[in-house]
Amino acid sequence: MKRCRKTEATMESSKKIALVAHLSKNADLQAWAKYSRDLLERHTLFATGTTVQVSELEFRITVHRLMSGPLGGDRQIGAIIAGEELDFLIFFRDPLELPPHDPDVKVLLRMAVEWNIPAACNPASADFMISSPLMERTFSGWYPTI
Ligand SMILES: O=C(CO)COP(=O)(O)O
C-alpha cells in the first residue's frame, strides 16, 4: 500500500476549530462551551447544523454554519480538514447509540487521525486541549501528502 509522506504544517495562534455534538450530547457541549467561552471566542469556529444553533443561541459565539451531521456536516468537516483549513476538532459523540450517518462519523474521525488534527471526544479531553499553552501560539506539526 502506498504510504503518505508527512509535510510540515503550521497552525497559527488563532485556531480553526470545529464543534460537533450528537443530539444526546448537545447539553454537554452547551455546558462545555459556556465554561470555555472566553477561550473559544479567540478562535474561528465551525459547527454542524444543530450544534451551531446551540452554540449561537445560548452563548452568542459566532460560528460558521455547516450542514447538519446526518445531511453531510461530518463530511463537510472532513473536506475542510483535507483542504488544510481545520486545526482542531471537538466532537462529543454518543458512544452508546449509532446515528444513521455513522459511516460519515467514522470517516471524520479517521481523517482527524490521519491529518494529525487534535480531536477531543468528551468534555475532559476538550478541557485539557483548549487550556494547553499550544493553543495560544503557532504550532508546527505535519500533514500527509502522497
Ligand atoms: O450528527 C452530528 C455529527 O455526527 C451532528 O450534527 P448536528 O449538529 O446537525 O446535530
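Keep in mind that glycine also has a Cβ here, set from the backbone N, Cα and C atoms.
Over in TrEMBL, the protein carries these features:
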ACT_SITE  Asp74  active site, proton donor/acceptor
BINDING   His22, Thr48, Gly49, Thr50, Thr51, Ser68, Gly69, His101  substrate binding site
DOMAIN    9-146  domain 'MGS-like'
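Recorded features from TrEMBL, shown on the structure.
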{"residue": "His22", "record": "substrate binding site", "DSSP class": "coil"}
{"residue": "Thr48", "record": "substrate binding site", "DSSP class": "coil"}
{"residue": "Ser68", "record": "substrate binding site", "DSSP class": "coil"}
{"residue": "Asp74", "record": "active site, proton donor/acceptor", "DSSP class": "helix"}
{"residue": "His101", "record": "substrate binding site", "DSSP class": "coil"}
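When Cβ atoms from all protein chains are considered, those within 10 Å of His22 (substrate binding site) total 22, not counting its own. Annotated substrate site His22, Thr48, Gly49, Thr50, Thr51, Ser68, Gly69, His101; additional same-chain residues within 8 Å of its Cβ mean position, judged by their own Cβ, are Val20, Ala21, Leu23, Met67, Pro70, Leu71, Gly73, Asp74. The Cβ neighbour count for Thr50 (substrate binding site), using a 10 Å radius over every protein chain in view, is 18. With respect to Cβ neighbours within 10 Å, the binding-site residues Gly49, Gly69 differ, and Gly49 shows the lowest count. Across the fold, the C-alpha of the residue listed as 'active site, proton donor/acceptor' and the C-alpha of Gly49 (substrate binding site) stand 10 Å from each other. Taking the Cβ of His101 (substrate binding site) as centre and 10 Å as the limit, one finds 18 other Cβ atoms among all the protein chains shown. Per-residue pLDDT, averaged over the domain 'MGS-like' (9-146), rounds to 91. Each of the binding-site residues Thr48, Ser68 was scored by other CB atoms within 10 A of its CB, and the lowest score goes to Ser68.
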